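Per TrEMBL, the feature compositional bias 'Basic residues' maps to B:13-26. If you look up TrEMBL, you'll see B:13-33 marked as region 'Disordered'. Sequence annotations record features per position, and here TrEMBL assigns domain 'ChsH2 rubredoxin-like zinc ribbon' to B:47-71.
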Amino acid sequence: MSSYQGVALVSPISFGYQKQSPRSAAFFIGSVLRELITTSAIDKAEIDGLAVSSFSLGVDSSIALVEHFGLEVRWLEQINVGGVSGLLALRRAARAIEAGDAGIIACIGGDTAHHRGFEATAANFSSFSIDGAFPYGAGGPNAAFSLITANYMKRYGATREDFARICLDQRYNANHYPMALLGHKPLTLDAYLGARPIAGPVHLFDCVMPCAGGEGFLVMSTERARALQLPYAELRVADELHNAHRKDPVQDRSGWTTYIDDLYQQSGFGPEDMQFLQTYDDYPMISMMQMEDLGFCRKGEGPAFVQRTDMRFDGSGSAPGKLPHNTSGGQLSCGQAGSAAGYLGLTESIRQLTDRAGSNQILNVHRGLVSGYGMVNYDRGLCSAAAILSRGQS
Amino acid sequence: MTIAEKMRQRLRLNRPSLRARARPPKQRTPLGQNFSAANLPVALSMPVCDTCGHVQYPPTELCGECLADTLVFRETDTQGTLLAKTELHHSVWEFFKRRMSKAPWPMGSVKLDAGPVVLAHLADNTLAPGQSVQVFSHTDASRSSVLIACDVSQPVGRREVRRALTEATGLTQIAVREKGI
């Protein structure tokens, strides 16, 4: 069963986005925790569960952070799977809340970005990448994703103009979201197409920018959220599958294909009922793959789908179809704050569903889909997860 | 020194201001070092499971299919099919940065007839996806074995052919800083 009952997501926090920082990951995670406590006006002692995700904690682990932050928890998770960290933390926390193992769980992703720190992350990412990928030129995920993107373009006829649809609409959304690191800059089609080449079809504006920052939210029962008079979003259904389709020679789909029909069936909604979609957008082709695998269009129809779909949060674009997508600008425009990037779509969704988004608020929004993808251990992203959230009762 | 510490040290040495002579990445796991050693005498050697016959790449300690502790390096068929190729214009590694400042660096993924998908440097930038290729190994300027894909017509069974193809890629030469910092 992938459905959930009475699980509330509360107090979405995005904190401290910056290109580089001399601070530690604990600073960003702890600052998110502080903001969670302040905005929800609860006592720190009421938080009895903690899930953290970070690539840059160094020698520390989740339990060290519990001591740093003076917490006392009966439920503790450390989930380091990059782009699906937020959804995995949410699924585990939700079951713990349902079972009564904990009362209020803080789910936080945060990472710092030291000078030249990305090189260290890339060089140490996994044993497969140390032996099988890092020596082959790029020293980061660009090579793997340019192979995946080139293969997709050849097989399904996608063009750079198709990927531009995703990047340009996301930048428009970021222009209305103050935290986005690139939100102050508009992006035009000419600038997108004329950008510096990075790896094959992948050019500068197709790549996320590693940065520092933190994201987080609280998970509790809907009764508790109502008692505390906190606006909340509700988790309806969620699932995950990792290392799916592992015999595919080049990745052009991931685990969503195996469970998305089930998610729609159990939630009673279809893709046409989703009022927003937050995908994991480390590269625009990966967002296109999620649109296909999540049932918004069939495999290979992603290019046509983005051409006929306006993905701006306010529907101000010219395309006839409307699907607000990555309404805060996604990682492509906000920056990729390590594991926090796996929480970005979730926190943005909770903001939207509790009318806290501010200048990028979608009007009359009741439900939406969040998906996660990640962990290029060798030549493809291994993880997939998706969740449908809805507006909580007021 | 742990692997992570070794890598941090190498990353420090990778700083362009400190490094007149840049080499390809040397760091490997112990299994990657075994791979380098096993590939010295032959065109291509891969860990093969004695229990189920699975060809494992990148190298692991246990077979990725049957989990048996029976992987041994065996000479492997070099034939394969190029799945996808790309030209890299950007790298975090100084050696490749210097190479890419002259020309984009071609690499690709190959499905070996023996089973695994490997990432490889391309000896020939005209290779196209879907084409039959051969994959051989050669030591680079850091004395590690790397995989190189070339046209299917090349007689890669001969050591001098492999050497000539590798030298043409620039992998066997150190990238020397030209002037100043």
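Cβ coordinates come from backbone N, Cα and C, glycine included.
Those TrEMBL annotations? Automatic predictions, nothing curated.
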Do any residues, 6 or more residues outside the domain 'ChsH2 rubredoxin-like zinc ribbon' (B:47-71), come within under 8 Å Cβ-to-Cβ of it, and if so which ones?
29, 31-32, 34-35, 112, 114-118
Averaged over the domain 'ChsH2 rubredoxin-like zinc ribbon' (B:47-71), what pLDDT does the predicted model reach?
97
For the domain 'ChsH2 rubredoxin-like zinc ribbon' (B:47-71), residues assigned helix / strand / coil by DSSP:
0 helix, 5 strand, 20 coil
